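One structure is given below, encoded as structure tokens.
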Amino acid sequence: MEPPEPDAPNASFYQPSVFLLMGIPGMGRSHHRLVSIPFCLLYLVALLGNCIILFIIGRTTSLHEPMYYFLSMLALMDLGLVLCTLPTTLGIFWFDVRAVGFDACLTQMYFIHVVSMLESSVLLAMAFDRFVAISHPLRYKAILTKPTIVKIGLAMLVRAAISLLPIPFLLRRLTYCSDNSLSHSFCLHPDIMKLACKDVDISVNVLYGLIIILSTVGIDSLLIVLSYFLIIRTVIKVGPKGKCLKALNTCVSHICAVLIFFIPMIGLSIIHRFGNGVDPLVKAMVAYVYLIVPPALNPIIYSIKSKQIRKAIWKLLLWKTERRGQAVTVSVQFSRCETSHDAVPWTVLYPVELPARFCKGNQHND
């Protein structure tokens, strides 16, 4: 069936077999390969960084606390965003593969929005975690028990999966015209929706999309702001200025994660809703910042601001992780010493095969 013209009245039902994705507007294939270098670095940092965070939290017993469980969820969501966008983005930059099937596009769109909503929910849960830790420190672990954290995670998953499930079906009912070119290198709901013929009623899609945005960006961000308002009020009442700053310092990494996620998300939503005259390059770059930059920056932010994670990463990089049962005590003695009190015993926690004897200024082998 031939696609109807955009302005054709009573256009017959038509769905394109493929959509054409867009890399960076105005760039040819050779330029895309060059631009792919920083994108590859961002993807690599995001994949390695979040995998390291998950590995360290999983194997370090001291990090098995509510704060780090939520951080693990955030790392999983960041990996999800990377895996959702990486195939089509690098496919365009490396191989100029722009075509994506209709069903494949809807599937990618669904998972991108689900993971985005989950990340918003995780950031809200982390704000609640900081509020409980600062406002009710003695009841912190009693309130945020492991079963409670599991229930919070399941509630977030159910909310995202069910609330976004109608969107692919709402897009399937639309009639599309001859233009099947999208604005990004991945599929997003407002981008697909705008390809419908002009005489097709998309008010249901617009209304439902608005509800989803308000229920994620709106409610979640307001609750995060409320959490920090209560945190600031608590730390002001509790003690002197030094203790207040120390308490707020534990929230800096979370505040950074919130800002780098919500600001591009809100910006992209405004551009799709009201920015018909916005430069396509600006629209594309805001989408990249929204979906690629936070997964790359979050592991770096938490590694810098969290002393426990930084210490664990340092041990991992230097191969000084604890090896239970393999530490041996080596008695290091000084021979040829005039008095017994000159002998200095050392205890070395490192696997060695033979003991050694040393004397100050000399080395003596038995």
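Backbone N, Cα and C define each Cβ position, glycine as well.
TrEMBL entries are annotated by machine, without manual review.
Given the structure is predicted, the values throughout are model-derived calculations rather than measurements.
Taking Cβ pairs closer than 8 Å, the transmembrane segment (35-57) reaches residues 23-24, 27, 63-64, 68-69, 71-72, 75-76, 78-79, 82, 86, 89-90, 93-94, 288, 292-293, 295-296, 298-300, 302-303, 309, 312-313, 316 in its own chain, all 6 or more past its ends. Residues annotated as transmembrane segment in TrEMBL: 35-57 (among others).
Here the domain 'G-protein coupled receptors family 1 profile' (49-302) has a mean pLDDT of 92 out of 100. According to TrEMBL, the domain 'G-protein coupled receptors family 1 profile' annotation covers 49-302.
If one looks beyond the transmembrane segment (69-95) by at least 6 residues along the same chain, the residues whose Cβ comes under 8 Å of a Cβ in the stretch are 21-23, 32-33, 35-36, 39-40, 43, 46-47, 50-51, 53-54, 57-58, 108, 111-112, 115-116, 118-119, 122-123, 125-126, 129, 146, 149, 153, 185-187, 257, 291-292, 294-295, 298-299, 302. If you look up TrEMBL, you'll see 69-95 (among others) marked as transmembrane segment.
The transmembrane segment annotation in TrEMBL covers 107-128 (among others).
Proximity of distant same-chain residues to the transmembrane segment (149-171), defined by a Cβ-Cβ separation under 8 Å and at least 6 residues beyond the stretch ends, is recorded for 66, 69-70, 73, 106-107, 109-110, 113-115, 117-118, 121-122, 125, 189, 192-193, 204-205, 208-209, 212, 215. TrEMBL lists 149-171 (among others) with the feature transmembrane segment.
The transmembrane segment annotation in TrEMBL covers 206-231 (among others).
The annotation transmembrane segment is assigned in TrEMBL to 252-272 (among others). Sequence-distant contacts of the transmembrane segment (252-272), counting only residues of its own chain at least 6 positions beyond either end whose CB sits under 8 Å from a CB of the stretch, comprise 74, 116, 119-120, 123, 126-127, 130, 188, 190-191, 194, 213, 217, 221, 224, 228, 278, 282-283, 286-287, 289-290, 293-294, 297-298, 301-302, 304-306.
Residues 22-25, 39, 42-43, 45-46, 49-50, 52-53, 71, 74-75, 78-79, 81-82, 84-85, 89, 112, 116, 119, 183-186, 188, 253, 256-257, 260-261, 264-265, 267-268, 271, 310, 313 of the same chain lie 6 or more positions beyond the ends of the transmembrane segment (284-304) yet place their CB under 8 Å from a CB of it. Annotation comment: TrEMBL describes 284-304 (among others) as transmembrane segment.
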